[in-house]
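Here TrEMBL flags 21-319 as domain 'BBS7 beta-propeller'. Annotation source TrEMBL lists coiled coil at 335-362. Annotation comment: TrEMBL describes 377-486 as domain 'BBS7 GAE'. Per TrEMBL, domain 'BBS7 platform' is recorded for 494-596. What TrEMBL lists as domain 'BBS7 helical hairpin' is 599-712.
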Amino acid sequence: MEPGLARVDYLQVGVTAQKTMRLLPASGKKATQKVVVGDQDGVVTCFSIKKGEAVPVFKTLPGQKIARLELGGALNTPQEKIFVAIGPEVRGFTKRGKQFLSFETNLTESIKAMHISGADLFLCASYIYNHYCDCKDQHYFLSGDKINDVLCLPVDKVKCITPVLACQDRLLRVLQGSDLLYEIEVPGPPTVLALSNGNGGDSGEEIVYGTSDGKLGVTQITGTKPVHKWEIGNEKKRGGILCLDSFDILGDGVKELLVGRDDGMIEIYAFESPDEPVLRHDYALSESIASIQGGCVGKDGYDEILAATYSGWLTGLTTEPVHREGGSGEELKLSQEMQNKISSLRNELEHLQMKVLQEREKYQQSSQSSTAVSSVPAFSVNEKFTLNKDDASYSLILEVQTAIDNVLVQSDVPIDLLDVDKNSAVVSFSSCDSEPNSNFLLATYRCQANTTRLELKVRSIEGQYGTLQAYVTPRIQPKTCQVHQYQIKPLSLHQRTHSIDHDRPMNTLMLKGQFSFAEIHSWVVFCLPEVPEKTPAGDSITFYFQNTFLGTQLESTYRKGEGYFKSDNISTISILKDVLSKEATKRKINLNISYDVSEESVRHTLKLIHPKLEYQQLLAKKVHLIDALRELQVHEGNVDFLLPKYRTILEEADQLLEEYKRQPAHLERLYGMITDLFIDKFKFKGTNVKTKVPLLLEILDGCDQDGLIAFFDAAA
């Protein structure tokens with residue numbers, strides 16, 4: 001903890017979704033503010049803090065889960081009306097808890113994102129955006145990919161309604177009425193939007209975005225084109241961004257940017273220069289931060305950052321000093337207050353322990369009776385399975401509302417489990433027979449007490465596809481388990497991008513047949529990640545992809561009855577040909593398949609792979625020398641007699657071992673990719689060259705790029 005801020009846990013409600021906690025406006029300067037939060041039990045809770053205790057203002061009855069909570073009111077007046085999105089409905093409450101609005105929208109699915117500006121209500125389901133004014137339908141837009149958040153520029157500053165959608169395909173879509181004004185590319189899938197400085201900056205046109213891979217940025221939404229202000233990468237490899245707020249917590253007269261991440265990290269960015277913020281402080285909580293707000297909550301005159309976590313804890317980081325200065329009377333009074341609080345908590349704990357024992361005995365008796373009815377306790381799991389561009393691995397994050405006992409991971413496709421620094425669980429592997437049961441991986445993660453969040457990393461092999469399953473068992477009685485499934489796709493290491501290099505030598509696969517646009521789209525969804533499941537609007541679509549491991553690219557263009565796939569990697573085309581043929585055969589559709597193979601593309605791909613191969617071979621050689629060099633060092637007493645390159649290996653030994661440990665089977669992967677490239681090149685010519693693979697592996701050990709290219713050319 002930084003000396004300036006102290007942690008206070010106020011209250012726990014039910015499991016909370018993203019952006020479901022807000023602070024109501026203060027009644028006076030530096031006066032405490034009421035907190036309002038909506039949870040997945042459908043309960044809206046409003047409370048204030050008096051003498052360190054949470055005092056309820058109002059609490060609604062349980063119902064459907066609350067997806068969003070926003071504050072509203074007439075423009076240029078205190079925003080103190082509470083609006084919640086529940087299913088396809090929006091409900092409004094006064095600050096005292098009286099319901100004044102129940103608006104059934106015309107949406108056929110649940111609301112995922114909401115923004116309110118005066119009489120204007122902006123709602124988004126998965127792909128659909130709707131704008132209402134005084135609950136009357138105004139505008140509608142169908143997005144090309146899932147919508148994660150929605151925002152409108154301040155109308156009093158910009159003088160027109162300008163909604164902005166944060167979409168999963170790494171785009172911010174700026175709308176004008178029901179039409180798309182323009183699209184803005186951002187460096188990752190944007191998960192949250194906020195007005196810069198809380199008001200859109202001087203122009204009212206600046207918005208902050210946070211992405212699911214942890215990047216931050218600000219862009220200015222002008223009437224004609226976007227102006228990128230700044231962008232911060234995720235150098236520390238922290239979690240995705242779930243919530244943002246602007247508040248002057250450092251008391252320097254300039255609002256800081258508060259950021260809440262899904263790995264429990266709270267960050268404070270200060271604007272020492274207007275160009276780019278600087279990370280001043282960070283604080284780690286053990287759960288993902290669903291909502292974040294700056295304000296005055298615990299005591300008059302003391303600002304704080306209030307965070308709502310996934311499991312419903314409302315935690316403050318307050319500027320109020322922990323040790324108060326003053327006379328002995330004040331210290332005595334404080335200690336008496338604390339003693340009373342501790343005594344009250346002890347009594348409450350004893351009462352709860354007795355109640356748990358009684359209920360457990362009651363359950364045991366009822367479960368053993370002749371009329372027993374099994375009762376499986378329900379628990380909520382927050383999951384995220386995403387491809388990391390930096391190291392071409394998949395990150396699986398599992399977060400449970402209660403402590404996790406263990407997680408069993410099973411896969412019917414070959415994958416590698418990678419080390420995660422933040423992971424304190426003990427992993428054990430079980431031997432599995434891949435032949436009869438298609439089991440390639442069985443691993444159990446045993447978690448330490450009070451672990452509610454587990455992060456795993458896996459790396460797949462392109463061309464091998466199947467299902468990864470996670471069996472999550474929490475520490476609750478009676479024992480229960482939930483199974484979560486994740487698809488490993490045939491081209492699993494490809495990531496969506498918006499542009500590719502058209503000057504590269506390309507191989508082309510052409511499909512023609514009696515298939516619909518929806519059918520070929522479903523095949524592409526099956527093959528590639530990050531493709532929206534909904535069939536795109538229009539007659540045809542083009543998607544671009546980049547392989548995160550090699551940097552090769554893929555262009556897919558398809559419509560009813562025909563599809564064209566271009567890639568500079570012949571193995572990508574080979575995988576697509578095999579999988580698409582298989583999918584069409586399942587549906588009894590005859591495909592006319594033709595292809596155009598570029599010899600130059602094979603040499604181009606080898607040149608892309610070779611630097612990685614050379615680096616990994618050198619790393620492996622250095623790691624194998626470490627033990628022998630350390631033995632020499634112990635035996636001789638010093639290493640002055642060694643050549644400089646060997647002394648460097650000893651100096652960097654720990655970093656080298658760490659890197660090698662982080663990348664298991666990396667070299668074997670590269671060997672496998674080159675072997676596949678070799679086999680696929682000749683497969684398209686109708687030649688089987690599997691007998692020449694041992695000779696290829698010998699050449700690979702020599703790591704000579706020219707010799708490798710010559711072997712590929714001569715093998716014909």
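Glycine is no exception: its Cβ is also placed from the backbone N, Cα and C atoms.
TrEMBL annotations: computationally assigned, not manually curated.
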Helix, strand and coil residues within the domain 'BBS7 helical hairpin' (599-712) as assigned by DSSP
95 helix, 0 strand, 19 coil
Structural state census, the domain 'BBS7 GAE' (377-486) (DSSP three-state):
4 helix, 60 strand, 46 coil
Apart from its near flanks, which chain residues at least 6 from the ends of the coiled coil (335-362) lie with a Cβ under 8 angstroms of it?
51-52, 477
What is the three-state DSSP composition of the domain 'BBS7 platform' (494-596), stated as helix, strand and coil residue counts?
28 helix, 38 strand, 37 coil
In this predicted model, what is the average pLDDT of the coiled coil (335-362)?
82
